[in-house]
Amino acid sequence: MIVIKDAHFLTSSSQLFQCPASLTSEMVILGRSNVGKSSFINTLLGKNLAKSSATPGKTRLANFFSTTWEDKENALTTTFNVIDLPGFGYAKVSKNLKKEWEGFLWELLSVRVSIKLFIHLVDARHLNLEIDKNAKENIQALLRPDQAYLSLFTKFDKLNKNEQHRLFLNAPKPFLINTTHFNALSSKYPTLEIVRQTLLKYLLTNPL
């Protein structure tokens, strides 16, 4: 069982020199505007820390959070950072993540050695969008051998049971979701505990 011992906001950065020192492993959370990033981060960290932008598509800040998790089963305590990136694809003409994030954000992803895991949030109701396909290609193209990329489906509870099952069968594994009611789902779907364990496992595969 994973216990969240601490979770707090560190800083917001708009330039590389404003970012905190790379002293611990980091996971990046990215996704389209309105995909549910803030909801997922708050669920993951067990605390209402992330706020939705009042002007989606306008802010170009990277928000850093620090958290400490205790894995009781393995007697392991880990402190790491979560980096919340601005939602992409807000402008209808935006089809290219790298171009949209040119400058600070793309440089951050390219050079920050402490980033070990990219979590790409995808709206379970809107699969195979061009901007999500492009984002996946762009992120995977810059992955180092010590980094991993995972997809996680948000708003899973908005699907009916047949749609949930179809997504479960066809989605890449590990199958990861976020929902407002984990306990109401069938036992074949991952619990919040399993989501946390999976992300921690990938984060620690190549620790800083």
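A Cβ is built for glycine as well, from the same backbone N, Cα and C atoms used for every other residue.
The feature domain 'EngB-type G' is assigned by Swiss-Prot to 23-205, with sequence analysis given as support. Look at Swiss-Prot and you will find 31-38, 57-61, 84-87, 154-157, 182-184 tagged as GTP binding site, backed by sequence analysis. Residues annotated as Mg(2+) binding site in Swiss-Prot, with sequence analysis given as evidence: Ser38, Thr59.
Locations of recorded Swiss-Prot features on the structure.
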residue	record	DSSP class
Gly31	GTP binding site	strand
Lys37	GTP binding site	helix
Leu61	GTP binding site	coil
Pro86	GTP binding site	coil
Lys155	GTP binding site	coil
Phe182	GTP binding site	helix
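Taking the binding-site residues Lys37, Lys155 in turn and counting surrounding C-beta atoms within 10 angstroms, the largest count is reached at Lys37. With respect to their backbone Cα atoms, Pro86 (GTP binding site) and Ser38 (Mg(2+) binding site) stand 10 Å from each other. The Cβ of Asn34 (GTP binding site) has 16 neighbouring Cβ atoms from other residues within 10 Å, across all protein chains displayed.
Remark: of the binding-site residues Gly31, Pro86, the most isolated position is Pro86 (fewest other Cβ atoms within 10 Å of its Cβ).
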